[in-house]
Amino acid sequence: MEEKSGMIGKWLKKHLHLYVAATRHNFVLSIRDGSVDLSNFKKWLAQDYIFVREFVPFVASVMIKASKTSDDKNDMEAILGGLTSLNDEIDWFKQEASKWSIPLSGTIVHKANENYCMFLSSLMLPEVEYAVAITAFWAIEAVYQESFAHCLEEDNKVSQELQETCKRWGNEKFGHYCRSLQNIANRCLEKAPDHVCARAEVAFQRVLEHEVEFWNMSHEGVGKSIDIV
Ligand SMILES: Cc1ncc(CO)c(N)n1
């Protein structure tokens, strides 16, 4: 029988290439070195606001699974913390959009974003196991934590106006929250049958692929020539 403790750590090693693609994307590196094209940043911001609004019902669905099937009552607090931070995040997106004069209501949803949101919907189905959903949830948060924490590491040249964005996901408290989700996922995976673990591993890989596509979006034409056709 396969040793299952610390499953996430094993998958991070096994899929390191994909994890690095998702957490060291050129867009993120350009924020870190100060060379980011602000129009790309604005595209990302407008699309991420749409994503975050879709992410809320997904997190709520993870909460429902936890309340029905989790063997540890503390899971609820961790997930509730996630919902609370999404509440702040939505406010922050609105403020940031007004700072950059981005009209959030008229944004055309990019295909990559739509695909990612459809993937989230598929994970909301009641038949998706808690272990699978919590693994995906952790991965989604961890990519942003890892990416933006990297932006804040030594010798960064993040411009003043993007500091706050990096701190939003790169701060230590968010890091701690991601580690709590990782611990929950590890605990669930340890107890899950092999076929459920296999599904969680696939969900983890899919999240990373969607995250790469999401970053890619920022340097493609959004809302202009491509979307008008
Ligand atoms: C695309 C994407 N992934 C992860 C997060 C983290 O909440 C986010 N805001 N957007």
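Note: Cβ is positioned from N, Cα and C throughout, glycine not excepted.
The domain 'Thiaminase-2/PQQC' feature in TrEMBL is assigned to 17-219.
Annotation comment: TrEMBL describes D48, E89, E141 as substrate binding site. In the three-state DSSP reading, E89 (substrate binding site) counts as helix. Residue density at E89 (substrate binding site): 18 other Cβ atoms are found within 10 A of its Cβ, drawing on all protein chains shown.
For E211 (active site, proton donor), the same-chain residues that are 6 or more apart in sequence and have a Cβ closer than 8 Å to its Cβ are A22, I140, V143. Annotated active site, proton donor per TrEMBL: E211, in sequence order.
Same-chain residues at least 6 positions away in sequence with a Cβ under 8 Å from that of D48 (substrate binding site) are, in sequence order, F93, F214. Comment: substrate site residues D48, E89, E141; largest CA to CA distance 13 Å, whole number.
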